[in-house]
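Worksheet for the structure shown next.
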Amino acid sequence: YEVFERMAYYGISSNLFIYLTKKLHQGTVRSANNVTNWVGTIWMTPVFGAYIADAVLGRYWTFLIASAIYLSGMSLLTLSVSIDPLRPAPCSDPTGANCKKATPMQLAVFFGALYTLALGTGGTKPNISTIGADQFDEFEPKEKAHKLSFFNWWMFSIFFGTLFANTVLVYIQDNVGWTLGYGLPTVGLAISIVVFLAGTPFYRHKLPTGSPFTKMAKVVVAALRKSSVPVPSDPKELYELDLEEYAKKGKYRIDSTPTLRFLNKACVKTGSTSPWMLCSVTQVEETKQMLRMIPILIATFVPSTMIAQIGTLFVKQGTTLNRNVGNFKIPPASLAGFVTISMLISVVLYDRFFVKLLKKWTKNPRGISLLQRMGIGLVFHIVIMFVASFTERHRLDVARANGLVENGNQVPLSIFILLPQFLLMGTADAFLEVAKIEFFYDQAPESMKSLGTSYSMVSLGAGNFISSFLLSTVSKITREDGHEGWIRNNLNASHLDYYYAFFAILNFLNFLLFLVVVRAYVYKAEVSDSMRVLREELVASRLKVTNEEAATN
């Protein structure tokens, strides 16, 4: 399913900047912000999809309903670029200055379709990967070992669809037409839904376990209402359900931890049994697990902002360069395919060689910890933006040397000078993005896995919104006092090199923040270990009861 769905998503997002500038005739900043605002929404809506899945419908039905919404958005989008009343009038002016603007109705239909699609994504994205991970039994050693590689191969499969979109679909959109370019991913999405449905009888289905937000709110409210109540020094005095309760529900008990100690007040016994006054130790610890991940989540916002540049400013740079390879003209958005290729190669090398080499030394089945893997990805992002800044400086020097600053004509440099920043971005993704998805899934409590998965998507959503904010702010500030500004429609007269250097510094400061929050982070206990302890305690308690009865008799 995910191969086809990613083909559909990236078939739209990869070349959306080009459609907005070439067909809707929007400026650089406005087009870039429209792209990042939409992509930001795409990645934010999974929070609501995760809530519905965990609290109401379950993952399977939430995914299925959202898929229907997704498909309707894709279908409407295809119509909006195909039918004359809905698509803008054709224009032969390459600058777009003398072209007729899109009508309000055309804009409403086009952006309405985009945001309908975004709504559907909110229900599919957090649940499809979780449904996949659910197929592995956490308590079966062989299956648990396979799940360690699952997210690596999950990303590998995703990017096959992405590679097709960034190469074949982008080429079709630029050279054949937008109708076929959007129609193919729409058909692909329909096929993917059928494929998913075909596997229904074989899936392990997990029932919804209640709203994770409500569970967390009860803990916070109970702790606040008992803020003046002291916490017992002995954790055994705190309120906890009987072992049988967890065993019957197939859940595991979590022991009390000293971190975020204030929340332990929620399970202090005061006489009231209201769920808004008294929570179990396990419920409190589940809340702590979700809250402990928030600083890590915040530290991933800045690299997500860098990823947003791939489909906006990186593409804009490509339009200013020589794209001819013999008789073939490379679509500027196709360079994103090199991000995919680089990531595919890096993931395979990491999983097959790097992990095997390091786990002999570290004794960690993953080779290195997930947070260490994320940290390496953050370092890559610092390097990427310095490389991008130096490359842009070279492009501007050549533009000035050839008198191309004012007219904004094509710079006599190959588009492949941008290749290093795209390849490095793929390598960074192999470390940061894969580890991020696995980390938030792995560290989330069992009853909140969908919400945990949505954390990685919130990171990408926030990064895109931050990109819109920074681009608008920097563009506005650098135009003050009569200056030309760093980001203009004519990139040859802009200073994108300064903007990328600013990003490099921002990444460095963010890396320092990451080091601080990682030092304070405490990994959750292994689920399998917790279940083993639960079984042992349950057996011990039953033996104790049996012995007491025997002694009484």
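First residue shown is number 1, and so on along the chain.
Keep in mind that glycine also has a Cβ here, set from the backbone N, Cα and C atoms.
What TrEMBL records for this protein:
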type: TRANSMEM; residues: 35-53; note: transmembrane segment
type: TRANSMEM; residues: 60-83; note: transmembrane segment
type: TRANSMEM; residues: 151-172; note: transmembrane segment
type: TRANSMEM; residues: 178-198; note: transmembrane segment
type: TRANSMEM; residues: 296-315; note: transmembrane segment
type: TRANSMEM; residues: 335-353; note: transmembrane segment
type: TRANSMEM; residues: 374-391; note: transmembrane segment
type: TRANSMEM; residues: 498-522; note: transmembrane segment
Range from 35-53, 151-172, 178-198, 296-315, 374-391 with most C-beta pairs under 8 A to the transmembrane segment (335-353): 151-172
Tertiary contacts of the transmembrane segment (151-172), as residues 6+ beyond its ends and Cβ separation under 8 Å: 2-11, 14-15, 129, 132-133, 180-181, 184-185, 331, 333-334, 336-337, 339-341, 343-344, 347-348, 350-351, 430, 433-434, 437-438, 441
Tertiary contacts of the transmembrane segment (296-315) (same chain, 6+ residues out, Cβ under 8 Å): 13-14, 16-18, 31-32, 35-36, 39, 332-333, 335-336, 339, 371, 374, 377-378, 381, 384-385, 388, 418, 421-422, 425, 428-429, 432, 436, 439-440, 455-456, 458-464, 466-467, 470, 487, 496, 499, 503, 506-507, 510, 513-514, 517-518, 521
